[in-house]
Amino acid sequence: MEITNVTEYEAIAKQKLPKMAYDYYASGAEDQWTLQENRNAFSKILFRPRILIDVSKIDLTTTVLGFKISMPIMIAPTAFQKMAHPEGEYATARAASAAGTIMTLSSWATSSVEEVASTGPGIRFFQLYVYKDRNVVAQLVRRAEKAGFKAIALTVDTPRLGRREADIKNRFTLPPFLTLKNFEGLDLGKMDEASDSGLASYVAGQIDRTLSWKDVQWLQTITKLPILVKGVLTAEDTRLAVQAGAAGIIVSNHGARQLDYVPATITALEEVVKAAQGRVPVFLDGGVRRGTDVFKALALGASGIFIGRPVVFSLAAEGETGVRKVLQMLRDEFELTLALSGCRSLKEITRDHIVTDWDLPRISPRL
């Protein structure tokens, strides 16, 4: 069967993967309300297309932190990619590079920063979890910098791991043939089996719950790399992130895997964009499955979007080829959305190209 959209990869991944692996990638926290809402919220945004505009030439290129990329669609950090496919992060890195876009490597990757760098050229960011042992953090950041990574995406929504009930039921743990490659030499690469989720126990033991804004400033003393704060959902925290010297903000609810009943990221986006006041770029992470979703995020002020689950599901289904196809399908759909909305470049996408549930009626009906 020919795959014609990104969502179709999920069913194939479910067939191919062991239950523990699929459930780890697919599930959200607790009732999974936010997991559903991350998708559903996009359907509450409708288009106001403009017609009779010459759309024979469309330019999708953009710059992120000064790096030119082919489109505003980037790869979010997702852990344990070799659990989806033997080539794991190598395949994802090659696919991102071929598409001319950015890959973010997870701290909990099953391939190291050096290994991913060895796949060839490409613009890559490194997602960071802050461990209790700050020497481990400093060492990791130095290694990422040395391996040519261009930015740090600091995850700030995980002082503790969210309650992911599928992982508890499955007693989730990393398969024995895999390790957290970035931590292998530090005796932190293995995850013990636990009476609930092995990952939850690992986080409880290793990740620093005292993490605060002063640590964002500390991070800037140990690296020259720009720091993106990943996991912001409010105006208040947006202002604090800017004050703390963040180079950008990623609006994220961790794929709905942390606190359930937070808004969809597309719903939280505009509040964050308004609070940022153009001082730093704002990106959206979560729920994007269509080119139309990308357009909606940009219309609400995002500078770009990140995709997570579509990458691991397509990786499970078809390896590097699958990830390449996902990036190409989203690109093609996004380009078509621009054409049909009357936009020739990203800067032509405006707030007036969409109408949302929370907008006031533009034209009051005559009584």
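If you go along the chain as it appears here, the first residue is 1 and each next one adds 1.
Even glycines carry a Cβ here, placed using N, Cα and C.
Residues annotated as active site, proton acceptor in TrEMBL: His254. All protein chains shown were included, and the count of other CB atoms within 10 Å of the CB of His254 (active site, proton acceptor) stands at 23.
Of all Cβ atoms in the shown protein chains, 25 besides its own fall within 10 Å of the Cβ of Tyr24 (glyoxylate binding site). The glyoxylate binding site feature in TrEMBL is assigned to Tyr24, Tyr129, Arg164, His254, Arg257.
Sequence-distant neighbours of Gln127 (FMN binding site) (same chain, 6+ residues apart, CB-CB distance under 8 A): Pro77, Thr104, Leu105, Ser106, Ser107, Ile152, Ala153, Leu154, Thr155, Lys230. Summarising the annotation, TrEMBL assigns FMN binding site to 77-79, Ser106, Gln127, Thr155, Lys230, Ser252, 285-289, 308-309.
Per TrEMBL, the feature domain 'FMN hydroxy acid dehydrogenase' maps to 1-359.
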Pop the Cα-Cα gap between Ala79 (FMN binding site) and Tyr129 (glyoxylate binding site) into the table, whole Å please. 12
Could you round the CA separation between Ala79 (FMN binding site) and Arg164 (glyoxylate binding site) to a whole angstrom and send it over? 15
What is the biggest Cα to Cα gap, in Å, among Tyr24, Tyr129, Arg164, His254, Arg257, the residues listed as binding glyoxylate? 19
Quick check for you: of the recorded positions Tyr24, Arg164, His254, Arg257, which have their Cα within 10 Å of the Cα of Arg289 (FMN binding site)? none
Check: min Cα-Cα distance from Asp285 (FMN binding site) over recorded positions Arg164, His254, Arg257 goes to His254
Tell me, which binding-site residues from Tyr24, Arg164, Arg257 are within 10 Å of Gly287 (FMN binding site) if we use the C-alpha atoms? none
